[in-house]
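**Q** As listed in TrEMBL for this protein:
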- 731-746: compositional bias 'Acidic residues' (COMPBIAS)
- 337-566: domain 'WD repeat-containing protein 75 second beta-propeller' (DOMAIN)
- 570-633: domain 'WD repeat-containing protein 75 second beta-propeller' (DOMAIN)
- 727-773: region 'Disordered' (REGION)
- 53-95: repeat 'WD' (REPEAT)
- 196-227: repeat 'WD' (REPEAT)
- 241-282: repeat 'WD' (REPEAT)
Amino acid sequence: MVEHGDIRVVHRGGSKINFREPVITNDSRFLLVPSGECVKVFSTSTEECVHDLRGHTDLVTGVLLRPSNHLQVYSCSADGTVRLWDFTDGILIKTFVIGYPIYSMYASADHEGIIFIVTPLQKLFQLVAVQLPQSGEQLVEARELSGVLSDVSSNPAAITFGQGGEYIASAKGLQLEVYFFKKQKSYRFSLKEDNKKGGKNTFTCVACHPKDDCIATGHEDGKIRLWRNFNHKKEYTYSTLHWHHSAVSSLRFTPEGTNLLSGGVESVLVQWRYNQESQRDFLPRLGAAITHITISPDGALFCTSHSDNKITIIQSCVKVSAVIQGLVKGESVQTDLMLDPRSKALVLNGKPGHLQFYSLQRDKLLYNLDIVQQEYIHELGLQQFEVVKAAFSASGKWLATVEERKQKIAELELNLKLWEYDEQTQSFVLNTTISAPHEAQITAMCFCQAPDSQTTMLVSTSKDGHFKAWQLAPVPSWSCNFVGAYRGLLPECCSFSADGSLLAVSFQEVVTVWSPASWELLTTLSQPPGAIRDLCFGRLSCSKYLLGTTANNLLCCWNLLTCSCKAAYTQMQICSLFVFKPSEPRPLFSHKAVCSGKVTRAVFAPRDEMLESCEESSQWLNHSQLYFLTQNMVNTTSTQSTSFHLVIDDSITKTPFHLLLGKHRQQQNQDVASSLSADRTPLPQGSVAIKEVSGSLLQTPAHVLPSTSFLCSMFVQSLLISITDSRSVQEEMESEKEEEDSDEEMETRTLRPEQAPVGSQATEPAAAPLTKAQVRELRRVKKLDHSWFSGLLDS
């Protein structure tokens, strides 16, 4: 049984995969992506995550291939370490402790054993060269730091190595700085803040030609400048390219230098011909703004990262071959964090106009459901339809969504859509669209969750002061069945009881309880000051309770049998987890600082297999897991068993294997057994061979032992009796009969101790006699053939 359980965060997912530029391996088979506190290794052909490189304790801020070994990769992190990995097997080779948080990392083949990092020193970001020590230890301190450039940008796209590692270019603000390693001298070039046409000349990114002395810089006004003769401060020149209407976010030259790639908010990958800049190729409609561009060392694959946490793999700027989509998180999760009853996927609003279905176990987006069904236009200030509310029925057959577009205070467009799950297409299909279901914003929605309910019902509340009940007709289609209000107050939230017999609707500080069968107002409940934000009925043994949270951070519990507020819990701490039983005022479980970021949403998800935790404080996780969403990722909590104890009762019948390798009999029984017959062979568990076999079986790792079928066949063969030994078997049977007769005689002697000679003296205490069953058991063990153990040792 589990003696002790420790509740902790057991899985994290949904981190950004567009935070830093990914890396394509030399053979173009894998894509290495920094994601949260790990590096994900994706297959460029299947889009699947092969494995994770885990070891950092803080955000991973960069990854690059080791110049001297294309099968190894460096990763840097804000935890102040640089780690060397074998990415094919996912093995950590070495950890270099820098001691300062690292924001980005660079390397060149001409600077062997040196990496360049950007770290904050003396209140400025500085580019520092780090000498990596040659040591056989796995954990090495790298303390040889030397400054290269001071006051650089924290943006990794603003620093890059030049031709053959001869120089390094850095852009920040309105200044471009080029540092030459041989001369140990830097040149600075500045631009005016605004040009004649009002464009902003601020640098956004930089790229260096691999074979020519040419630096390409991107700017905030969408222009690209090609700098030449920058090794002379007064003789430098630049030419200008312009296609992007907004800031250029990324620039990259191809390995041969024949083309220059650029990207920005237009979601278009632009390919410029080097020295023939008037010739351009475009790959449009990539879905979202481009944030990073990566090119494989052989130039066969391009890779673009996008603002919607997506990575697109492109074959030589011709066509999209794969798309790796991460969890999309906007400024706020308006639809709440939901669970799809069918796929057990987490559901929340993702890219504009869509709902995303995300699997935390696989850390992968399953699919997007287009709710608005309109093309999204990337234009600043343009108001478009957004998905603001969603709710699932208990079976997962129905999905309700609310989309709205608000241009002015008096003009609000609302659509309530009901979606039915289609078994053939394995997706939701639009069933009913209700335009203007309310006169103001919808604040909450909920389905009747009763499994045996004859009717399917949806309730919506709105700031127009009404709540409406929508019912499914036999057609099937949805229509309004009831409209309710309470004293002109604004409803905030609603909830059905588990059996569907009650509906609770909050009107600011008042909770109303209704009967859906007759739509009669049954009662009203009051609570301490503060508007009700959420309502939830208890389940199973706690179905008589109604829970609610207020704007004053109070958790209230009402007993529906007495219509009284049973308890109000306060003093909730930020980023802490509290678990209550509705019937008890004290928390059943509490955990401070459950995560590093602010928790924005949470939801319980049922388990496929129930746990058997014996501790009362962790039994609430036996049937479910708690998922919660932070600003950076999705987490799940569960119980981690810290120790297991297997208890075997001595009264259980022991198998032959237990007699050979299990507990030894008591010493007294062993002495009695040895005194029965001097010529009998001792029990096999005392032999050296058996001890060696038991040690090898119980201590050797399972993956180096012979297969179970091999061991089983040897053991079974040792138990078989050959035909040639039939005579010996008959003789053994006769000897057993004689021994039984002698056992009876011995028992009669032990029953009459007074017949012993008077003059005899007992030199040692008499041993307790064995029963007939014990003697037969010992005799049977003695006759077993244990040669299969010696064969195992020889193999």
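Every residue, even glycine, has its Cβ placed from backbone N, Cα and C.
What you are looking at is a predicted structure, and each value in this text was computed from that prediction instead of being measured.
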**Q** Of the residues in the repeat 'WD' (53-95), how many are helix, strand and coil by DSSP?
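**A** DSSP classes over the repeat 'WD' (53-95) add up to 0 helix, 29 strand, 14 coil.
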**Q** I'd like to know if the repeat 'WD' (241-282) touches the repeat 'WD' (196-227) in this structure, counting it as a touch only when three or more C-beta pairs sit under 8 Å and are separated by 6 or more positions.
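**A** Judged by the Cβ rule, the two regions touch, with the required three close pairs present.
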**Q** Between 0 and 100, where does the mean pLDDT of the repeat 'WD' (196-227) sit?
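**A** Summing pLDDT over the repeat 'WD' (196-227) and dividing by its length gives 90.
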**Q** Provide the three-state DSSP residue tally for the repeat 'WD' (241-282): helix first, then strand, then coil.
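**A** Taking each residue of the repeat 'WD' (241-282) in turn, the totals are 0 helix, 26 strand, 16 coil.
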**Q** For the repeat 'WD' (196-227), how many residues does DSSP put in helix, in strand and in coil?
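**A** Summed over the repeat 'WD' (196-227), the classes give 0 helix, 17 strand, 15 coil.
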